[in-house]
Amino acid sequence: MALLLSLQPPFFSSKPLSLHPQRANLFKTHNRLAVKCLAKDPGHVSSLEKQRWENVLSTLASLYPVYVTVGGAIACVKPSAFEWFVKRGPASYSFSLGLIMLAMGLTLELKELVGIFKEKPFSIMFGCVAQYTIMPVFGTLVSKALGLPPSLSVGLILLGCCPGGTASNVVTLIAQGDVPLSIVMTVCTTLGAVLLTPFLTKILAGAYVPVDALGLSISTLQVVVAPILLGSYIQTAFPSVVKAVIPFAPLLAVLTSSLLASSVFSENFVRLQSSLTNATSSSVDMKVVLLAVILLHFAGFFVGYLSAMVCGFKEKQRRAISIEVGMQNSSLGVVLATSHFSSPLVALPPALSAVVMNIMGSSLGFVWRYINPSDLNQQAEIHD
């Protein structure tokens, strides 16, 4: 019955069926013919079944905001739920990031990844400049506008000065954005973080954040560059294997990103909860801190998209730039905050961002998933 119902639209009108006996017999005859045709062509049935499963996997991957929200709620109610993952850090974090980038690499051809440097140098440069201007500036503006105390202001500014996060590549894939551009921007902004993150934090927050330049560069190669290159190589060397695996890659990347974000949040939740308990109510207001993080990421998404639109980029590039600018490497922010500042409150904005940013970004990606970027480009050309 389900098979027959699925075949009705191509063969029949959407108008209600008449109760006339002849038309009823005609309806039965067409159904029998349809079943006979499919029985003679089992390959068509398997193709429909394969497409159905791919649609299911794609839909599951688009539920990123649900996974992150549930993970964040569990981290608040029962932080120990992620203890098995946190205890194995930082190796588990690095492995997870590498797995995400490998999944992204499987969707790209190596020549496509290399070619983007030649074809879109301005897009890459624009995205990197936007990353290290929009977010740091709005981190400073929001902290001043909300009157955050010094420790929280430093934490918010530090978050704004961090490079783009690897989760942005997953969200760009869901949003039908320019995935190669997103990945290259992530690599470039992460490499630039060696100098720009401590430099901008020193200028805007009045505090110097020492960064292990060599260590950060090696980590970037391990968890970003190497997995992408490996994934691209596997796609070229073993196309049949990749063809079978590729439908699962987005869902795998989404689930891994959700686990990583929830674990980072849960790791710092107990410490932050203790800090908030010991802090005076006048110096820390959790709602204000949450609002500050939301406003910072909203500014990144909105201004990033608006600036890309003003500069004449196509819709796929606008989405990639918007998501890349709005989504920070909050894990790096937490590590720097806990390593180089005495006050544990500095880590509060980056830790909150681990969940808030992913909910906001994945929700935006979910909306864009159902809006074809080529349709918006055509509308823009008509108006021009």
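Any Cβ shown, glycine's included, is placed from N, Cα and C.
The transmembrane segment annotation in TrEMBL covers 91-110 (among others). Within its own chain, the transmembrane segment (91-110) has Cβ neighbours under 8 Å at 85, 166-167, 169-170, 173, 179-180, 183, 219, 222-224, 226-236, 242, 245-246, 249-250, 252-253, 256-257, 259-260, 263-264, 331, counting only residues six or more beyond its boundaries.
The transmembrane segment annotation in TrEMBL covers 122-142 (among others). Proximity of distant same-chain residues to the transmembrane segment (122-142), defined by a Cβ-Cβ separation under 8 Å and at least 6 residues beyond the stretch ends, is recorded for 116, 156-164, 178, 181, 184-185, 188-189, 192, 196, 200, 204, 292, 295-296, 299-300, 303-304, 307-308, 311, 313, 317, 320-321, 324-325, 328.
According to TrEMBL, the feature transmembrane segment maps to 154-174 (among others).
Sequence annotations record features per position, and here TrEMBL assigns transmembrane segment to 181-201 (among others).
Sequence annotations record features per position, and here TrEMBL assigns transmembrane segment to 213-233 (among others).
Here the transmembrane segment (245-266) has long-range neighbours at 53-54, 57-58, 60-61, 63-64, 67-68, 71-72, 74-75, 79, 81-83, 85-86, 89, 92-93, 96-97, 99-100, 103-104, 106-107, 166-167, 169-170, 173-174, 330-331, 334, 351-352, 354-355, 358, 362, meaning same-chain residues at least 6 beyond its ends whose C-beta is under 8 angstroms from one of its own. If you look up TrEMBL, you'll see 245-266 (among others) marked as transmembrane segment.
Residues annotated as transmembrane segment in TrEMBL: 286-308 (among others).
Residues 62-65, 68-69, 71-72, 75, 152, 155-156, 158-159, 162, 165, 167-168, 171-172, 174-177, 254, 257-258, 261-262, 264-265, 268-269, 271-272, 275-276, 289-290, 292-294, 296-298, 301, 319, 322-323, 326-328, 330-331, 333-334, 337-338, 341 of the same chain lie 6 or more positions beyond the ends of the transmembrane segment (347-368) yet place their CB under 8 Å from a CB of it. Residues annotated as transmembrane segment in TrEMBL: 347-368 (among others).
Counting only same-chain residues 6+ beyond the ends of the transmembrane segment (154-174), those with a CB under 8 A from a CB of the stretch are 61-62, 64, 97, 100-101, 104, 107, 131-132, 135-140, 142-143, 148, 182-183, 185-186, 189-190, 192-193, 196-197, 200-201, 204-205, 207, 209, 223-224, 250, 253-254, 257, 260-261, 292-293, 296, 319-320, 323-333, 336-337, 341, 345-350, 353, 357-358, 361-362, 364-366, 368-369.
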